[in-house]
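J.: One structure, pasted below without further comment.
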Amino acid sequence: MATKFPKFSQDLAQDPTTRRIWYGIATAHDFETHDGMTEENLYQKIFASHFGHLAIIFLWTSGTLFHVAWQGNFEQWIKDPLNVRPIAHAIWDPHFGQGAIDAFTQAGASNPVNIAYSGVYHWFYTIGMTTNADLYQGAVFLLILSSLFLFAGWLHLQPKFRPSLAWFKDAESRLNHHLAGLFGVSSLAWTGHLVHVAIPESRGVHVGWDNFLSVKPHPAGLMPFFTGNWGVYAQNPDTAGHVFGTSQGAGTAILTFLGGFHPQTESLWLTDIAHHHLAIAVLFIIAGHMYRTKFGIGHSIKEILNAHQPPSGKLGAGHKGLYDTVNNSLHFQLGLALASLGVITSLVAQHMYSLPSYAFIAKDYTTQAALYTHHQYIAGFLMVGAFAHGAIFFVRDYDPEANKDNVLYRMLEHKEALISHLSWVSLFLGFHTLGLYVHNDVVVAFGTPEKQILIEPVFAQFVQAASGKALYGFDVLLSNADSIASNASAAYLPGWLDAINSGSNSLFLNIGPGDFLVHHAIALGLHTTTLILVKGALDARGSKLMPDKKDFGYSFPCDGPGRGGTCDISAWDAFYLAMFWMLNTLGWLTFYWHWKHLGIWQGNVAQFNENSTYLMGWFRDYLWANSAQLINGYNPYGVNNLSVWAWMFLFGHLVWATGFMFLISWRGYWQELIETIVWAHERTPLANIVRWKDKPVALSIVQARLVGLAHFTVGYVLTYAAFLIASTSGKFG
């Protein structure tokens, strides 16, 4: 007899109901719980899957390069990046009538195409690609790399090539290799690419496989490097009149500290970027030689952590026991990795628009909006995931004895203080921010807008002034030419001050009362999300109601007071609730960013400044006013090139609303409905010929919440993505 799904759990495979299928899918990646799983096998499986993951990333990027080269207009775009719209790929759709074919035949193409809003054209151009042949070569290279990684993944699952558990637990060696190899050497290699290929290409000098060994990146060659005269590499930078991609106004410097932006491309100077990556390479290569391996030299992390005990004794055992706790818990490691990656992804969103590094991307407004929103959403998901795995760590991996009186133990001991302070901050922010918005709404509605409570963000303006912004007249630090800070920063300051005080970029935007209010609304969202996540993680293992939940697991439902009241203590439910708050916060954040920038890009900053201080302003002048083109994507008179976004806007709402069907209903209702349908099916001629082996049962509470949340999330993202892209591209192309 064929074994039933899931093969990894005999217990589930023998379940006579449809629960078998859903629980099988839900636990497919929970390797720890699979039958016969050993710790060594667990590590080996996860290790091998990393190669598969990387293979997919390389394949995906290869596909992007290939489609741009095959169906895009890269070579035409390079000639006029500010006016030619980049093509992502062609569209072949049997549903298209003549109207749609005409509407989507755009950007100089002879057939329907999609416009690229990912910024890849700007990236390809900045790093030295100038022809379709370059793109094809990149695609083939990544395809080969992808195959190699797939093979490596398979190879590391073979008995002969499976690393041992001891190899996985050797944290110091792994850290050295990852610091020096992954970050250090790859940053050095990227510096090499920028210096040898990208910078010459930006100056009109072609460097390819045919001549890369004979073209010197700098006229002085390696002599200054070996003689210690490194300053030569910073002399004669590109001038302010440099035309990107040509020798006009080009210099010879390769590693500079100019500060600010290239006047024509409005992106960071490539020579500054190369210098930055070289500095990172040096730092990380040194860092990768710090830790003790089998050679017995260097620091032992375990010794360092165990020695971290405050001499006063007031903070207990300090970091004692943490090395083994972290090293033996994959969930702890994953939580740390997700938190770090979440923060860095949010920083990427922030810096991609404020300090754009790719040529001409600052003037591709739809791409800027899409990239900011994309990276902030990803950051949100990663951060929630960090806390989810932190909670699973407490349930599955935390050993109170091994962590007696250390910082982890003490965090749990005073968790009430942490949770209550977060609660207080959330309540304070919520009531005061909403109070101000609602007050302003009421007085505007009654025709007395002058009675609004408008608060200038003076502290934030002071911080901007300290960084060099002259507008507010604070005359402090970098905005004061005679200050210590200004004298110390003389090398890069002229370029930086030009950039920060220019009205044409997004670096340190002018802020007022509308920004003050929405900043606090976003702070409310962040603190409430954090409150739910921190409480969920700290109460995951035990709370007043259930002192130790180790055997109860992570994903049990919050079931209300009727069945024992587990809402206080379900870590899964905290994660579930936090997802809604995270999405809510991202809504406020991206609305703010987009509306503020629409005003700047259209030369009408007053629209945001005057209407963002009360709620109706947000609903009417941001959401409603900007969805006009979207709702008109197709109408009785025909179709335009926003129709796909108009359709997605509708479809996104539908998916989002479907989520509530799963979220606001009783499980018993579904069970009755299912049994009624089964009863009718079994008594209907012809239909009753078809039978199934599993007895249909309603989804469990946790499953229904997950399905509801998935619909809510996907619908929410689809709806806003369509709105963002259509409302921006409808105005600026």
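Using the three backbone atoms N, Cα and C, a Cβ is placed for every residue, glycine included.
What Swiss-Prot records for Cys558, Cys567 is [4Fe-4S] cluster binding site, and it gives sequence analysis as the kind of evidence. According to Swiss-Prot, the chlorophyll a B1 binding site annotation covers His653. The chlorophyll a B3 binding site annotation in Swiss-Prot covers Met661, Tyr669 and rests on sequence analysis. Positions annotated as phylloquinone binding site by Swiss-Prot: Trp670. Under the heading transmembrane segment, Swiss-Prot lists 46-69, 135-158, 175-199, 273-291, 330-353, 369-395, 417-439, 516-534, 574-595, 642-664, 706-726, citing sequence analysis as support.
Can you tell me where each of these features sits in this structure?
T.: Mapped onto three states, the DSSP output places Cys558 ([4Fe-4S] cluster binding site) in coil.
The C-beta environment of His653 (chlorophyll a B1 binding site), restricted to residues of the same chain at least 6 apart in sequence and closer than 8 Å, consists of Gly715, Thr719.
Secondary structure at Met661 (chlorophyll a B3 binding site), taken from DSSP and collapsed to helix, strand or coil, is helix. For Met661 (chlorophyll a B3 binding site), applying a Cβ distance below 8 Å and a minimum sequence separation of six or more within one chain yields Gly708.
Sequence-distant neighbours of Trp670 (phylloquinone binding site) (same chain, 6+ apart, CB under 8 A from its CB) are Ala698, Leu699, Ala704.
Under 8 Å from some Cβ of the transmembrane segment (135-158) lie the Cβ atoms of residues 44-45, 47-52, 54-56, 58-59, 61-63, 65-66, 68-69, 74, 124, 129, 209, all in the same chain and six or more residues away from its ends.
Counting only same-chain residues 6+ beyond the ends of the transmembrane segment (175-199), those with a CB under 8 A from a CB of the stretch are 126-128, 207, 212, 215, 217-218, 254-255, 270-271, 273-274, 277-278, 280-285, 287-291, 293, 301.
Residues 411, 452-453, 455, 517, 520-521, 523-524, 527-528, 530-531, 534-535, 538, 613-615 of the same chain, all 6+ positions outside the transmembrane segment (417-439), place their C-beta atoms under 8 angstroms from a C-beta of that stretch.
Counting only same-chain residues 6+ beyond the ends of the transmembrane segment (574-595), those with a CB under 8 A from a CB of the stretch are 369, 372-373, 376-377, 380-381, 383-384, 387-388, 391, 515, 518, 521-522, 525-526, 528-529, 532-533, 535-537, 539, 608, 612, 618, 622-623, 705-706, 709, 712-713, 716, 720, 724, 727-728.
Listed by sequence, the residues of this chain that lie at least six past the ends of the transmembrane segment (642-664) yet keep a Cβ under 8 A from its Cβ atoms are 100, 103-104, 627, 629-634, 699, 704-705, 707-723, 725-726, 729-730.
Long-range contacts of the transmembrane segment (706-726) within the same chain, counting only residues at least 6 positions beyond its ends with a Cβ under 8 Å from a Cβ of the stretch, are 26, 117, 366, 369-370, 373, 377, 576, 579-580, 583, 587, 590, 594, 623, 626-627, 629-630, 633, 642, 645-646, 648-649, 651-663, 699.
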J.: What count of other C-beta atoms do you get within 10 angstroms of the C-beta of Tyr669 (chlorophyll a B3 binding site), across all chains shown?
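T.: A count of 10.
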J.: Same-chain Cβ contacts of the transmembrane segment (516-534) under 8 Å, 6 or more residues past its ends?
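T.: Counting only partners 6 or more residues beyond its ends, the transmembrane segment (516-534) has Cβ contacts under 8 Å with 383-384, 387, 418-419, 422-423, 425-426, 429-430, 432-433, 436-437, 455-457, 460, 574-575, 577-578, 581-582, 584-585, 588-589, 592, 612-613.
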J.: Note down the number of other Cβ atoms within 10 Å of the Cβ of Cys558 ([4Fe-4S] cluster binding site), including every protein chain shown.
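T.: Within a 10 Å radius of the Cβ of Cys558 ([4Fe-4S] cluster binding site) lie 18 other Cβ atoms.
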